[in-house]
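J.: Copying in the features that Swiss-Prot gives for the protein in this structure:
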type	residues	note
COILED	16-92	coiled coil
DOMAIN	96-167	domain 'KRAB'
REGION	155-177	region 'Disordered'
COMPBIAS	168-177	compositional bias 'Pro residues'
CROSSLNK	Lys283	SUMO2 cross-link
CROSSLNK	Lys287	SUMO2 cross-link
REGION	326-372	region 'Disordered'
COMPBIAS	348-357	compositional bias 'Basic and acidic residues'
REGION	408-449	region 'Disordered'
COMPBIAS	434-445	compositional bias 'Basic residues'
ZN_FING	454-476	zinc finger
ZN_FING	496-518	zinc finger
ZN_FING	524-546	zinc finger
ZN_FING	552-575	zinc finger
REGION	568-605	region 'Disordered'
COMPBIAS	585-597	compositional bias 'Pro residues'
Amino acid sequence: MAEAAAAPISPWTMAATIQAMERKIESQAARLLSLEGRTGMAEKKLADCEKTAVEFGNQLEGKWAVLGTLLQEYGLLQRRLENVENLLRNRNFWILRLPPGSKGEAPKEWGKLDEWQKELYKHVMRGNYETLVSLDYAISKPEVLSQIEQGKEPCSWRRAGPKVPDVPVDPSPGSGPPVPAPDLLMQIKQEGELQLQEQQALGVEAWAAGQPDIGEEPWGLSQLDSGAGDVSTDAASGVHANFSTTIPPTSWQADLPPHHPSSACSDGTLKLSTAASTEADVKIVIKTEVQEEEVVATPVHPTDLEAHGTLFGPGQATRFFPSPVQEGAWESQGSSFPSQDPVLGLREPARPERDLGDPTPTVPQDETSPGDWLFGGVRWGWNFRCKPPAGLNPRTGPEGLPFSSSDNGEAVLDPGQAPRPFNDPCKYPGRTKGFGHKPGLKKHPAAPPGGRPFTCATCGKSFQLQVSLSAHQRSCGGQPDGVPGAAGSARDGSGLRCGECGRCFTRPAHLIRHRMLHTGERPFPCTECEKRFTERSKLIDHYRTHTGVRPFTCTVCGKSFIRKDHLRKHQRNHAAGAKPARGQPLPPLPAVPPDPFKSPAAKGPLAPTDLVTDWTCGLSVLGPTDGGDL
């Protein structure tokens with residue numbers, strides 16, 4: 001036995017035993033870590049439970065407080081109900097007669113009271129209010145009492161209003177305002193119908209007897225006084241003075257049936273109905289006619305006609321507005337109209353005369369101008385909002401003769417002499433460019449007969465305008481010809497000249513970019529590599545080589561590009577019929593691609609987004625998120 005116990009243990013056995021112990025220790029450590037994690041989670045849940053319990057306790061306390069308040073109010077209501085029941089059961093109630101002011105109305109002579117009288121009245125009203133509240137009388141605090149306590153004067157407009165008689169109501173238990181009794185409503189309705197019939201029968205006879213026959217001819221300028229432009233109003237009655245001869249005052253001061261206002265006839269003029277309205281309605285009609293008279297007395301500039309073209313129809317202004325030929329106001333179009341808005345009455349400075357140099361055609365005296373002169377064409381009298389009459393050419397006029405220009409004899413419509421129908425742009429003789437307004441036409445000269453008369457003495461390049469030649473000479477190194485004081489001035493480009501090579505520039509940014517070539521400065525470094533660039537746009541294009549973003553995609557073959565000019569070059573290859581890249585079949589192209597600008601009828605009206613898409617040929621815009629310029 002001793003020999004067996006003293007036998008040495010082999011090292012392999014020891015190693016196996018140690019490894020087994022290590023594995024056991026590791027498993028125990030893992031269990032310990034898991035227990036620690038579970039303990040932490042349990043502690044966290046316990047803390048959350050405690051927090052929730054505290055919040056629930058706070059909410060419960062608030063609920064208990066609200067419940068206690070409700071119980072107290074319920075006890076008060078129950079006691080008041082018991083008191084009312086005892087009074088009704090014992091018939092121990094009385095009628096309380098209160099002095100004036102108990103219902104919250106202020107005395108009529110409040111402004112004549114002294115301070116001590118007002119203070120006494122305030123105390124009396126407060127005592128009455130407290131007495132009513134102590135007797136369980138459901139009443140709110142009077143508004144007049146609140147105003148008096150705040151030191152304000154009681155509102156007098158409430159006292160001046162008509163008194164509304166008390167109407168018996170049905171004590172319906174449902175919610176909502178009290179509703180008058182049905183029998184009273186029927187009685188009021190029947191009495192109102194009878195009174196209305198009597199007033200109509202009497203009022204029509206009185207009105208027809210005292211008024212002239214105005215149904216045949218509407219109120220026009222012929223029925224007004226000669227001083228149509230002078231507006232005079234009676235301060236007492238508010239009636240226009242010019243209508244004293246047309247409408248006798250005694251005719252409309254009689255009792256007239258109500259609810260019959262003046263009506264507008266189909267021809268655009270105002271007529272009074274036979275069953276006319278009350279005195280206030282007649283005054284309204286007269287004021288309306290005065291406003292129209294003011295419109296007649298004020299001339300309107302032709303450029304302001306389009307804004308007011310919808311007030312009357314094509315033939316409805318003849319009765320209100322005189323013909324300019326008949327009144328002698330048909331002057332040459334070179335004179336400026338005093339611009340005043342007929343509706344708002346806003347005056348603008350007089351427009352200057354035309355300075356285009358073309359002759360101003362005048363209208364012959366035998367040419368009759370149509371009636372709708374104000375809201376139609378200044379020369380021919382048709383409405384701008386509607387189509388011109390049959391046989392009238394908006395480009396030629398009523399006689400069929402176009403207005404000729406002194407430059408080349410081309411028949412055009414002078415935009416300064418008549419408003420432009422259908423939003424046509426102004427065009428100058430010999431030029432294809434159109435302008436939407438007259439100032440742009442003035443700034444754009446006619447095409448010179450020589451083509452390009454302005455030639456640079458340094459390089460021999462020709463230009464159409466002297467301004468273009470001056471800008472070119474600043475970059476070419478020469479001086480503008482024919483400009484007084486050009487040498488040594490600030491416009492000769494001496495301030496934008498490079499000191500290294502002597503080159504001139506028209507903009508400071510171009511000079512700064514040029515100087516970077518001499519100094520070697522590259523202020524835009526790449527954060528991914530060591531390259532630097534002189535322009536931010538080039539740095540953005542370089543970033544796309546790192547990110548792999550190709551925002552410009554060809555709509556024909558689907559190929560993407562980093563730069564926009566690469567896409568344009570690729571699209572030019574498609575347009576020229578070049579073969580596609582290897583492995584990329586080219587889909588069939590349409591024989592004639594539609595042009596939305598030249599053939600809008602083939603494609604229909606385009607939205608602004610469609611026009612932008614067709615114009616850019618599917619180019620996508622590079623935004624700030626993709627690295628584009630802001």
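Positions of Cβ are set from backbone N, Cα and C atoms, glycine also.
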J.: Let's see if you can do this one: DSSP helix, strand and coil counts over the zinc finger (524-546), in that order.
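T.: DSSP composition of the zinc finger (524-546): 11 helix, 4 strand, 8 coil.
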J.: Which residue counts does DSSP give the zinc finger (496-518) for helix, strand and coil?
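T.: For the zinc finger (496-518), the helix, strand and coil counts are 12 helix, 2 strand, 9 coil.
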J.: Quick one: DSSP breakdown of the zinc finger (552-575) into helix, strand and coil?
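T.: Breakdown, helix to coil: 12 helix, 4 strand, 8 coil.
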